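Comments concern the structure below.
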Amino acid sequence: MKTHERAANLALAGLSLAPLVVKVNPNANVILTACLAVYVGCYRSVKPTPPAETMSKEHAMRFPLVGSAMLLSLFLLFKFLSKDLVNTVLTAYFFILGIAALCATLLPSIKRFLPKEWNDNAIVWRAPLFHSLSVEFTRSQVVASIPGFFFCIWYAAKKHWLANNVLGISFCIQGIEMLSLGSFKTGAILLSGLFFYDIFWVFFTPVMVSVAKSFDAPIKLLFPTGDAARPFSMLGLGDIVIPGIFVALALRFDVSRGIKNRYFNSAFLGYTVGLTVTIIVMNWFQAAQPALLYIVPGVIGFVAVHCLWNGEVKPLLEYNESKAEEEEACEEDTDSKQNKKKE
């Protein structure tokens with residue numbers, strides 16, 4: 001982990017804890033926390049191989065429709081079923097997800113302090129009655145899951161804003177780290193679709209705001225305001241993860257070309273500007289705003305202007321992580337065959 005990455009992790013942890021001891025401006029807290037989560041997730045996504053999950057253009061086109069169906073389903077569940085019952089089921093679901101997400105987030109930091117065999121030697125556990133079902137894990141993962149277990153217990157019991165945010169930030173970092181858009185074309189399709197999705201569900205229906213207020217699970221970050229009438233400002237995790245995976249793609253594009261953070265800086269600046277404009281407009285009108293309405297033009301616009309200015313539209317549009325992975329695999333096979341012939 002590089003110095004700037006370590007500094008970002010420490011800053012994110014400190015900012016999360018700060019409202020416990022001092023009054024933090026909620027607007028500044030929203031912007032700084034979201035930007036730090038994106039920054040950390042982006043750098044964690046830079047690995048020898050591309051992220052495990054890559055989105056296709058077809059998936060990107062369908063995503064707003066699937067998201068709309070899920071959002072409407074949740075709205076109807078809260079409307080026709082007991083709110084407490086729905087949230088109890090969701091809490092149990094997110095309890096398991098929270099342990100896994102926080103474990104994966106903490107693991108790289110914890111591994112450095114544990115014996116090598118704890119990191120390398122896997123333990124296989126098989127279900128007593130169903131031997132075909134097995135789980136593989138290391139001792140390091142067990143150690144890393146302990147904080148996640150206690151945070152999930154705390155969240156389930158108290159629904160404290162800090163426990164909510166720790167789990168929510170973990171989901172954001174893991175989402176940005178593990179998901180890949182594959183190409184900038186796919187990213188543009190996804191962000192454009194969600195741009196209209198966010199506008200429709202926030203401005204033209206009460207569904208988005210109603211679900212956000214009723215959904216008592218770590219799908220949003222909460223920022224204390226000190227105002228009894230409105231105790232928390234909120235930011236949905238989707239407003240961090242969705243643009244975040246586009247910013248992460250820009251960073252990996254820079255790394256693949258051996259250049260230092262040129263397009264990453266543009267995308268990250270676009271995200272910061274877009275989120276800042278969201279907060280300004282929200283406070284001006286004193287009403288909920290679809291964050292992607294401002295973030296999407298910021299992220300795509302800054303990257304587009306940058307590549308047009310540099311005359312690099314073609315390499316940016318042709319970049320595809322899955323093809324890059326295949327080319328690397330072919331090169332490795334060729335090298336291994338040549339080495340065998342020499343032997």
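Residue positions begin at 1 at the first shown residue.
Quick reminder: no glycine exception, Cβ is built from N, Cα and C everywhere.
Fair warning: this is a prediction, and the values are worked out from it, not measured in the lab.
The topological domain 'Lumenal' annotation in Swiss-Prot covers 1-19 (among others). Model confidence over the topological domain 'Lumenal' (1-19) stands at 89, taken as the mean pLDDT rounded to a whole number.
Look at Swiss-Prot and you will find 20-40 (among others) tagged as transmembrane segment, backed by sequence analysis.
Positions annotated as topological domain 'Cytoplasmic' by Swiss-Prot, on the basis of sequence analysis: 41-62 (among others). Within its own chain, the topological domain 'Cytoplasmic' (41-62) is flanked in space by residues 2, 5, 8, 108, 172-182, 185-187, 189-190, 193, 241, 244, 247-248, 251-252, 255, 264, 268, 321-322, 324-325, which lie at least six positions past its ends and keep a Cβ under 8 Å from the stretch.
For the transmembrane segment (63-83), same-chain residues at least 6 beyond its ends with a Cβ under 8 Å from one of its own Cβ atoms are 55, 190, 193-194, 196-197, 201, 207-208, 210-211, 214-215. Residues or ranges marked as transmembrane segment by Swiss-Prot on the basis of sequence analysis: 63-83 (among others).
Tertiary proximity for the topological domain 'Lumenal' (84-89) is limited to same-chain residues at least six positions away from its ends with a CB under 8 Å from its CB atoms, namely 77-78, 214-217. Summarising the annotation, Swiss-Prot assigns topological domain 'Lumenal' to 84-89 (among others) and lists sequence analysis as the type of evidence.
Beyond the transmembrane segment (90-110), the same-chain residues lying 6 or more positions past its ends with a Cβ under 8 Å from any Cβ of the stretch are 1, 9, 44, 140-141, 143-145, 147-149, 151-152, 155-156, 166-167, 169-171, 173-174, 215-218. The transmembrane segment feature in Swiss-Prot is assigned to 90-110 (among others).
The topological domain 'Cytoplasmic' annotation in Swiss-Prot covers 111-141 (among others).
Non-local neighbours of the transmembrane segment (142-162) in the same chain are 16-17, 20, 91, 94-95, 98-104, 106-107, 110, 114, 118, 170, 216, 218, 222, 224, 232; each lies 6+ residues outside the stretch with a CB under 8 Å from one of its CB atoms. According to Swiss-Prot, the feature transmembrane segment maps to 142-162 (among others), an assignment based on sequence analysis.
Listed as Cβ neighbours of the transmembrane segment (166-186) (distance under 8 Å, sequence separation of 6 or more from its ends, same chain) are residues 12, 16, 33, 37-38, 40-42, 44-45, 50-57, 60, 94, 97-98, 101-102, 104-105, 148, 151-152, 155, 218-221, 237, 240-241, 244-249, 253, 303, 316-317, 319-322. What Swiss-Prot records for 166-186 (among others) is transmembrane segment, and it gives sequence analysis as the kind of evidence.
The transmembrane segment annotation in Swiss-Prot covers 189-209 (among others).
Here Swiss-Prot flags D198 (among others) as active site. The Cβ of D198 (active site) has 25 other Cβ atoms within 10 Å, all protein chains considered.
Helix, strand and coil counts under DSSP for the topological domain 'Lumenal' (210-230) come to 5 helix, 5 strand, 11 coil. Residues or ranges marked as topological domain 'Lumenal' by Swiss-Prot: 210-230 (among others).
If you look up Swiss-Prot, you'll see 231-251 (among others) marked as transmembrane segment, on the strength of sequence analysis.
Secondary structure at D239 (active site), taken from DSSP and collapsed to helix, strand or coil, is helix. Around D239 (active site), the C-beta neighbours below 8 angstroms that are at least 6 residues distant in the chain are A34, L275, A291, L292, I295. The annotation active site is assigned in Swiss-Prot to D239 (among others) on the grounds of similarity to another entry.
For 252-266 (among others), the entry in Swiss-Prot reads topological domain 'Cytoplasmic', with the evidence type sequence analysis.
When Cβ-Cβ distances below 8 Å are used as the criterion, the transmembrane segment (267-287) is approached by residues 27, 30-31, 34-35, 38-39, 42, 239, 243-244, 246-247, 250-251, 293-303 of the same chain, each at least six residues removed from its ends. Residues or ranges marked as transmembrane segment in Swiss-Prot: 267-287 (among others).
When each of 189-209, 231-251, 291-311 is checked for Cβ pairs under 8 Å to the transmembrane segment (20-40), 231-251 comes out on top. In terms of DSSP secondary structure, the topological domain 'Cytoplasmic' (41-62) contains 10 helix, 2 strand, 10 coil.
Here the topological domain 'Lumenal' (210-230) has Cβ contacts under 8 Å with residues 19, 23-24, 26, 29-30, 33-34, 71, 74-75, 78, 83, 87, 90-91, 93-94, 98, 155, 159, 161, 163-165, 167-169, 171, 236-237, 240 of the same chain, all six or more residues outside its ends.
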